[in-house]
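A.B. asks: My questions all concern the structure below.
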Amino acid sequence: MTETLALGAAEESKAPAKKRRSLGNWLLIAVPYAWLLFFFLVPFFIVFKISLSEVAVAIPPYLPTFDLSEGWAGLRENLSSFSFENYLFLFEDDLYWKSYLSSVWIAATSTLLTLLVGFPLAYGMARAPKAWQPTLLMLVILPFWTSFLIRVYAWIGILKNEGLLNQLLLWLGVIDQPLTILNTNAAVYVGIVYSYLPFLVLPLYATLEKLDESLLEAASDLGCPPWRAFWSITVPLSLPGVIAGCFLVFIPAVGEFVIPDLLGGSETLMIGKTLWAEFFNNRDWPVSSAVAVILLLILVVPIVLFQNQQQRAQEKDA
Amino acid sequence: MAKKPIGPVRRSFAPWENPDAKPFIEFRNVTKRFGDFTAVDNLSLKIYEREFFALLGGSGCGKTTMMRMLAGFEEPNEGEIFLDGQNLRGVPPYRRPANMMFQSYALFPHMTVEGNVAFGLKQDRLPKGEIEARVQEMLKLVKLEAFAKRKPHQLSGGQRQRVALARSLAKKPKVLLLDEPLGALDRKLREETQFELTDLQAELGMTFLIVTHDQEEAMTVADRIAVMDKGRIIQVATPAEIYEVPNSRFVADFIGSINMIEAKVATRNGEATHLRASGFDREIVVDQQTEASVGDTVWFAIRPEKVRLSFDAPADGCNAVQGEIWDIGYLGDVSIFHAKATEDVVLKSTVANVTRTVERPISWDDRVWLSWDRDAGVILTR
């Protein structure tokens, strides 16, 4: 009885605060929405519009193009000429769905590999002496200070047949023949794991660092040896960080173009590469736009999942 | 030492008085250093089975380190710790038959109340039915049956504290370690819980070791208290002894409120000792023998509630000094009077407010007599 009364009172006190949302508040919210509108939604609609167009030998290389001077009649005629033909084409040619599937597969595998490398790294950082942690964090962020492209190029020097890795292995006597790593999917995995490692390590470190050490002591006190406490306490409690980190790797990796192009071989099929070829080699803007729209739809699913997970984590904190 | 036997007040239980009694927990010359800092300094201590023992001291006195060494989170640099005859050196925390209730409670946030209580039992791979029965038993003990499916963040502070208690008791440890268990609770709840803890300990017949900085808490719950300072134990005794017969100025000052008067031994006369304090007309007579020689500087310590206030000169044979009321503090149940006896000595006297009269007979600037019996105070030599 008293509890319901108290709840009612709490709700009442909240209500006026909601009404008092001023102009300043609206402006504050409007800025990010305006950003999203101009830099995400508008470009998306341009791409979507192009994907419904027809390829043409013109500048820009598609038809129809909007011309404001033609007025409403011209606009209506343009709209009537739109078609989903390009999307149907994506299903007819198996190159596209194979590229999508292969991209998702490569991204998923690399995400798993990144997790395998990143978890011990983040765990070690979180368990390191407090005085070292800023330095270790700095070392993780440090590669960002060099251009991504240059760092990927550097891997060519490491992975090629007469590269540093093969020379080292030959010198150590581990192998007698240089290994062919460059221009294979293995090199793509190496590239993705290397490039996206900080995106996984940082959120994971943040979660692990917050983990109350007395929980592990409590587990130990209750008869749980350290390795078992790791699985029953550390892993479940770091799950939000693991999920956040994995999405931050998986989502950009699916659409990755530079790494498969520079490190991958001819058999490396990724949608980013296909898109590039369609756009620049074939100059088929409508089809490549359709590829991009479908890619976006494929990525929206994990992004929405990611958002949900973040929201749930936030609610839990509150 | 005082003549009157001051024993445990709660029940007749005093294994420490029996020289043949085997200690259940023993610290033998234990030293623990963290870098340059010596947290525990060559410390020996015996705790007996079924005892409720309190380690009391300010922050940094080493009390928590003592408990953490017993739990196994820290290894002593020197010395040995025995629990029920077993030397604990090298035994990891997860193999020690001691369970701890953490100051922060350290409840597993991703597990329900049930899950938390069952955690320790699951580690022993007990049959499922047995675990369930034990969890129910524990939840009943702490009156949380209705909250079994809740997560820790859905509970109040008091409920969390009880989950932590149930979890640490679930494995029936040989000794339960309580690290500032009531620190996070508000005053009312803390007082209630103190009595619940003593009842629980008596009911379960387990050995409890509590670490606290709260002297009231230690005195309420414990059979014996060890007062610690700078890694050493200053005094180990029952709450009543600690309060009435402190062995040093540190203990006297740490526990409760006290008047301390610096004095010199004037004469030692059989049972009594006469002290001379500067500014006092009369000698202070104490029914206590002291190891201090005539002429040595000692401290006379007396609790404020043992100092009487009156307008008329008290009868002969008791200690008295005249003073001027300096300050009055009204605390509801008692009033504290500060009376200036000499230039340097302000004596405190607490008087219970037994009537509701608003006007107090004694007021500011009144000249009053402060008097006390010959056995009311103690002589401290250190």
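Glycine residues also receive a Cβ, built from the backbone N, Cα and C atoms like all the rest.
Pulled these features from TrEMBL for this protein:
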- A:100-306: domain 'ABC transmembrane type-1' (DOMAIN)
- A:26-48: transmembrane segment (TRANSMEM)
- A:100-123: transmembrane segment (TRANSMEM)
- A:135-156: transmembrane segment (TRANSMEM)
- A:186-208: transmembrane segment (TRANSMEM)
- A:229-254: transmembrane segment (TRANSMEM)
- A:285-306: transmembrane segment (TRANSMEM)
A.B. asks: Looking only at residues six or more beyond either end of the transmembrane segment (A:135-156), which have a C-beta under 8 A from one in the stretch?
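C.D. replies: Residues 121, 125, 128, 163, 182, 187, 190-191, 194-195, 197-198, 201-202, 205, 258-259, 262-263.
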A.B. asks: Counting Cβ pairs closer than 8 Å, which of A:26-48, A:100-123, A:186-208, A:229-254 has the most of them with the transmembrane segment (A:285-306)?
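C.D. replies: Ranked by Cβ pairs under 8 Å, first place goes to A:229-254.
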A.B. asks: Who are the chain neighbours of the transmembrane segment (A:229-254) in space, where the CB to CB distance is under 8 Å and they lie at least 6 residues beyond its ends?
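C.D. replies: Non-local partners: 103-104, 106-108, 110-111, 114-115, 118-119, 122-123, 192, 196, 199-208, 211, 215-216, 219-220, 271, 295, 298-299, 302-303, 305-306, 309-310, 313.
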A.B. asks: Determine which residues of the chain contact the transmembrane segment (A:100-123) at the Cβ level, with the cut-off under 8 Å and only residues 6 or more beyond its ends counted.
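C.D. replies: Distant contacts of the transmembrane segment (A:100-123): 140, 185, 188-189, 192-193, 196-197, 200-201, 204-205, 208, 234, 241-242, 245-246, 249-250, 253-256, 260, 268-272, 294-295, 298.
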